């Protein structure tokens, strides 16, 4: 862990960062080379949203089995959980640099396996490899950057990793859009991730190990030679002294509480201050995931198709907006989080998220209610055996609309004159899809033609604008500040595990939920989760803006209560809510 924790950047720090890296390009080379890991992290978590549309077209079993689509998406998250744990061990045992190199190998192997996959099971294996790389990169890249950066610009440089993650997600949507008409579509989308991994691998071979890790391994002269490239000559000795002091304190803590996981856990759970830290840290991480953000990042084009945009290319183009807004929101957060505070930004963010999810639920409900009717004449226009079997055997087929057709695992072929007019309910086969397109009609298999579709995209964008500056970035800042120094690693690790596990639960169940509850019911369910998350944030998460670690410990020791529930005697003693 970095001395003093992870710094948060401000305007002064960014201007200082620009001046320092201009004078010492070596620092920027270190940061950007390691930051490619963040780019890969973002790319590999975002690219599947578009690739899934075309994987479904190539493999009928994926098209027909919702759970298989969920597994393909979520296995990267499952791999990331183990990758983070494995990466932590490699970081401590072999160093930050080997961990990044191993992550690159995993990224490259995963990309090649997916690009060449002859069957869905091989795509899943590739996603697991990529997930292991994502887990390792998610913790190693910011750690390496922070330990190889001058303290005065550390926050600004570490924040570039977060920007590269959202930038990688945006890039994945651009790549998806670029390959929509290329032979092999999804194979190129997934395989392109191998290129940045190769670039980073060779860049990292020429870069040094983290000076902090070297010093801890008693390789003092090697650490000194790296610090001499990073700091001005007159600052090197003072940095070595600070490094020695920090590592000695860290080793003393390990002797006091033990240096293995079980000993640290026992020490943490026996300490009331440490126990209260995870109340806040875990709360914000769970609330972040159950706001439903990764349903949007992993399934955004599919959600757009639920809204009535049948074309894969159109769905990808509209999804690009949400990804771009997410990247912009990260920049907004960096500008305002130290001005308005962590707690306030999360609470405002949650109100915005809840409002957008409720409105999205209403929009999707209205879209389903006003879906085009099914015409008996249109349905038999193609041939009797082409009509959806469930429609033919229905007791009251005149009550059917497009949504009824899709729920019966069939597809809707829109009316040629007006797609909002009654259309045909047909068996969902590739031959009938081709026949439908051949008559210049639109084929709908995930959503129905709707005049409300544009509203869904607008409020999806507003949802991202509400989420990104607050719940998108602030939970990670809270987790870097809320734990006592010697328990920060274990506390942050517990919260990160909760984050990844909740991410896995959400990504593994989203399509199943939409099938069972409909898009409207699913978004309303996430709104309900957010209401619960808002209550927990209000009760358990204190404001840490501008507080020293000692002040945070003191606040946790006395117990945190929101301002409205404090007695008059304690209001003046604690940080206001």
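Positions of Cβ are set from backbone N, Cα and C atoms, glycine also.
All annotation found in TrEMBL is predicted automatically rather than curated by experts.
Since this is a predicted model, take the numbers as computed values, not measurements.
Among the residue ranges 123-145, 215-237, the one that TrEMBL annotates as transmembrane segment is 123-145. The feature transmembrane segment, as given by TrEMBL for the ranges 452-470, 471-489, 547-565, sits at 452-470.
Feature transmembrane segment, per TrEMBL, maps to range 157-179 of the set 157-179, 249-271. The feature transmembrane segment, as given by TrEMBL for the ranges 428-446, 523-541, sits at 523-541.
According to TrEMBL, the feature transmembrane segment maps to residues 315-337, out of the candidate ranges 315-337, 384-406. Here the transmembrane segment (99-117) does not touch the transmembrane segment (157-179). Their Cβ atoms form fewer than 3 pairs under 8 Å, with each pair 6 or more residues apart. Proximity of the transmembrane segment (315-337) to the transmembrane segment (157-179) is established through 3 or more Cβ-Cβ distances under 8 Å for residue pairs spaced 6 or more apart. The transmembrane segment (123-145) shares more Cβ pairs under 8 Å with 32-55 than with any other stretch in the list 32-55, 157-179, 185-207, 343-365, 452-470. Listed as Cβ neighbours of the transmembrane segment (32-55) (distance under 8 Å, sequence separation of 6 or more from its ends, same chain) are residues 62, 69, 72-73, 76, 100, 103-104, 107, 110, 120, 123, 127, 130-131, 133-134, 137-138, 140-142, 144-145, 148, 160-173, 175-177, 185-186, 189-190, 192-193, 196-197, 199-200, 203-204, 207, 297-302, 305, 312, 315-316, 319, 323. Sequence-remote contacts of a segment are chain residues at least 6 beyond its ends whose Cβ falls under 8 Å from one of its Cβ atoms, and for the transmembrane segment (523-541) they are 279-280, 283-284, 286-287, 290-292, 295, 342-343, 346-347, 350-351, 353-354, 357-358, 360-361, 364, 478, 513, 517, 560, 562.
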